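Structure, as structure tokens:
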Amino acid sequence: MWPSDVGIVALELIFPSQYVDQVDLEVYDNVSAGKYTVGLGQARMGFCTDREDINSLCLTVVSRLMERWSIPYSQIGRLEVGTETLLDKSKSVKTVLMQLFKDNTDIEGVDTVNACYGGTSALFNAISWVESSSWDGRYALVVAGDIAVYAKGSARPTGGAGAVAMLVGANAPLVFDRGVRSSHMQHAYDFYKPDLSSLYPTVDGKLSIQCYLSALDHCYQLYCSKIQKQLGEKFDIERLDAVLFHAPYCKLVQKSLARLVLNDFVRASEEERTTKYSSLEALKGVKLEDTYFDREVEKAVMTYSKNMFEEKTKPSLLLANQVGNMYTPSLYGGLVSLLVSKSAQELAGKRVALFSYGSGLASSMFSLRISSDASAKSSLQRLVSNLSHIKPQLDLRHKVSPEEFAQTMETREHNHHKAPYTPEGSIDVLFPGTWYLESVDSLYRRSYKQVPG
């Protein structure tokens, strides 16, 4: 018998203390007004100086979660990190995090890598561990973190950075639905990092969008099929209270929500198409695989789903809009955004679907139920209260000019694998409690310190 109500007990999320404004970036890049803000749906982009790397981000988010929630480090029995920001081809980020755990060395797990999907894989592994015969009663800790950077050009505004830590255990306020998880895995060269000496990926933008939408189709169809068997009745998007997506940029998320409506329309009965989907009648007979770049179809389903998007998905886009694409934490930044957008009473009892995508490609759709107990001392109320700092902290960030941002990117590009190396970035602008890179010695050994506070 597995433990009851396995899910997310606690959440912590961090983002860089500086950002560049996308309006300023449009002017600096000499592109049309609205290209980044309207076309991509992005407002601000967080970024790291050379003082922060994937190790420091993960050190910060883990120490913050443990302190805020007063969790003894001895209570962690599994720790797994999902990331695609690799500093070492052998040594895992998880092993770097072990310096926080002092005498507790009995901790399973290492790193999981596949583009933006690694955090989800780590989460699934954590759930499986808690539900397995290997579980020893302690918590599993899942960390997802990345620094998303692109070379100069049209993709650079879709960068971002951040990390999330999720404490997984029994009797959780966010409980994962069992038996409905669906996955789609496929070989594709849509986005990959074959040049190990470079910070930047190789990207086929059009193929990447096609792969994302195709994976979404497959996962949603399978998810609906599985949950219909459990419920014994038809299931569509209207049965979900919130739908969260991996967010490369916000406009793609809006298109993705509309894509689920298109899926529902395609598999609807003739009667439903006439009554429920009358405004989409012109789409009768369309094949999903022919519609990835069909502007007319896209416009029709986006118009139809506009109110649905506002209700079910837009509340999850705060961090995607204000920080950018955090890669592996992106989807879970959506979950945090949802949790800080409403009160515990408004969230109680809701079912949330999540779509995770990582290029190459790996994808899954799964769902969770939010506890119906929103009383003053409930685990849900505590979870929401312990995320109340997120919105105010976004406003405490330091705004940086596009020129300084470009110079920072150049510094990172030239020095990211240099040894010995002493970072140039200022420590003064970092948030209190932030871990930062102090130095890299001649043997590439990295040393870290923590900002007081």
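For all residues, glycine too, the Cβ spot is worked out from N, Cα and C.
Now, the feature entries from Swiss-Prot:
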ACT_SITE  GLU84  active site, proton donor/acceptor
ACT_SITE  CYS116  active site, acyl-thioester intermediate
ACT_SITE  HIS246  active site, proton donor/acceptor
BINDING   ALA33, CYS116, THR158, SER208, HIS246, LYS255, ASN325, SER359  (3S)-3-hydroxy-3-methylglutaryl-CoA binding site
Study note, to complete from the structure: Quick tally, other C-beta within 10 angstroms, HIS246, LYS255; top of the recorded positions is HIS246
Practice item. Select the closest residue to HIS246 (active site, proton donor/acceptor) from the following binding-site residues, measuring between CA atoms: ALA33, THR158, SER208, ASN325. Key: ASN325
Point to revise | the residue listed as 'active site, acyl-thioester intermediate' and SER208 ((3S)-3-hydroxy-3-methylglutaryl-CoA binding site), distance between Cα atoms, whole Å | key: 13
Practice item. Taking the Cβ of THR158 ((3S)-3-hydroxy-3-methylglutaryl-CoA binding site) as the reference point, list residues of the same chain whose Cβ is under 8 angstroms away and which are at least six residues distant in sequence. Key: LEU40, GLN42, ALA148, TYR150, PRO248, TYR249, GLY324, ASN325
Study note, to complete from the structure: For CYS116 (active site, acyl-thioester intermediate), the three-state DSSP class is strand
Practice item. List which of the recorded positions ALA33, GLU84, LYS255, SER359 have their Cα within 10 Å of the Cα of the residue listed as 'active site, acyl-thioester intermediate', in sequence order. Key: GLU84, SER359
Revision key, fill the gap. The binding-site residues listed are ALA33, LYS255, SER359; by CA-CA distance, the one closest to GLU84 (active site, proton donor/acceptor) is SER359
Point to revise | Coarse DSSP state, helix versus strand versus coil, of HIS246 (active site, proton donor/acceptor) | key: coil
Check your understanding: Counting only residues 6+ apart in the same chain, whose Cβ is under 8 Å from the Cβ of SER359 ((3S)-3-hydroxy-3-methylglutaryl-CoA binding site)?
Key -> ALA115, CYS116, ALA188, ASP190, PHE191, TYR192, SER208, CYS211
Check your understanding: How many other Cβ atoms sit within 10 Å of the Cβ of ASN325 ((3S)-3-hydroxy-3-methylglutaryl-CoA binding site)?
Key -> 27
Exercise for review: List nothing but the largest Cα to Cα distance in Å, as a whole number, among the residues ALA33, CYS116, THR158, SER208, HIS246, LYS255, ASN325, SER359 that the record says bind (3S)-3-hydroxy-3-methylglutaryl-CoA.
Suggested key: 30
Review point. So which one is it: of the recorded positions ALA33, CYS116, which has the fewest other Cβ atoms within 10 Å?
Key: ALA33
Point to revise | Packing count at SER208 ((3S)-3-hydroxy-3-methylglutaryl-CoA binding site) (other Cβ atoms within 10 Å of its Cβ) | key: 21
